[in-house]
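The structure appears below as structure tokens.
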Amino acid sequence: MKRISFKVEDELARNLDKYSMQNHLTRSEAIRQILREKLSIMQIPTDKGKVVSGIIINDEIYECKYCHTRYLSHTGIVYHLEREHNIKKPFSPHIIKIVGDKNE
């Protein structure tokens, strides 16, 4: 498993119990909350009512041209196109790339 970052992990380890007690959270809820604050974990609604959540890494969101499902990674959209729409070796005409605005 890749390490997130030393700074976030150290802060998480040091402050977890204190944070969970102050905010009346369980340990797992406290971990999620700290990571959400530190890593910009987003939930992105799609036109079909599905919600995609994940860590925004480079401000890019990939949307399927056919069903408008959104993914936070290029790999995710490629797998989606192969599985759902039976498109072998998907390339850019099948993908709408949204760059920049996290509040999209």
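For all residues, glycine too, the Cβ spot is worked out from N, Cα and C.
Given the ranges 14-37, 62-85, the record in Swiss-Prot names 62-85 as zinc finger.
Computed over the zinc finger (62-85), the whole-number mean pLDDT of the model equals 82.
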